[in-house]
Amino acid sequence: MAKRINFTSCLIFTSCFTAFIVSLCLLVSSCVNLVNDVIIPSVHMSRRADITPFIDNYTINFTDLHFFTDGANASVPQPEAIFINSNNFSLYAHNCSARDNCSVHSASITQEGRCYHYSRAKYSFAGCLEFCRSYSPCYYLINPQKHMTAVRQNINESDTYWVGIFKSPKNTWVDLDNSSVTGVHDLYEDSYCAYIGLYTEVPWPSFYCDTPRRCLCGGSKGI
């Protein structure tokens, strides 16, 4: 009888031990699968060359003002107020004689005495200031509100364009003529640069002025 009890006990112990080992293996396997399935978010660190389209004689050194770098030459965004408050945008206002006015040959579209040019490449807000000025003597990053309907009709569905509207140090929206601008869909308190798209009936604000977008340049049409 004792031998029978011992045999039964051993059988029960062996079964329990086997079940324990199997359960432990399943637990370890589940933990491994869980770790493999977890997606850990990462932060993309953009290098200077990814942001600044102009390297030589970059009057508004947007990258230096807007970013600080670590030892690996990576960059981290800082508030746009540093950029807006540290630059004189009047340098990029239009100031040209009648003979320098834009012509239909350099414009993408013309409207009531205005030329508009849509850039193909994408730049930061500061990059668009430089691009428009370098494209033609009397072109500048323009405020398109006077011709918003016509301008938007020529914008692709997937594209957005920087326009010449930004926050002044007084925290009001202005254009390159230093004229007060109303009608900006100001969703965010800490937004400093404006852009438009096919579906924006009014200019929209952007907190990150370094976002690559196309440029809307403009100027006065010559006679």
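Any Cβ shown, glycine's included, is placed from N, Cα and C.
Annotation source Swiss-Prot lists signal peptide at 1-31. As annotated by Swiss-Prot, domain 'C-type lectin' applies to 111-218. According to Swiss-Prot, the feature disulfide bond maps to Cys193-Cys209.
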Margin query: Quick check: in three-state DSSP terms, what is Cys209 (disulfide bond)?
Written below: coil
Note to self: Test of understanding: give the count of other CB atoms lying within 10 angstroms of the CB of Cys209 (disulfide bond).
What the structure shows: 25
Notebook entry, point to check: Could you count the residues of the domain 'C-type lectin' (111-218) that DSSP puts in helix, in strand and in coil?
Noted result: 20 helix, 35 strand, 53 coil
Check: Across the domain 'C-type lectin' (111-218), what is the average pLDDT of the model, as a whole number?
Finding: 89
Checklist line | Protein Cβ atoms within 10 Å of Cys193 (disulfide bond), excluding its own | finding: 28
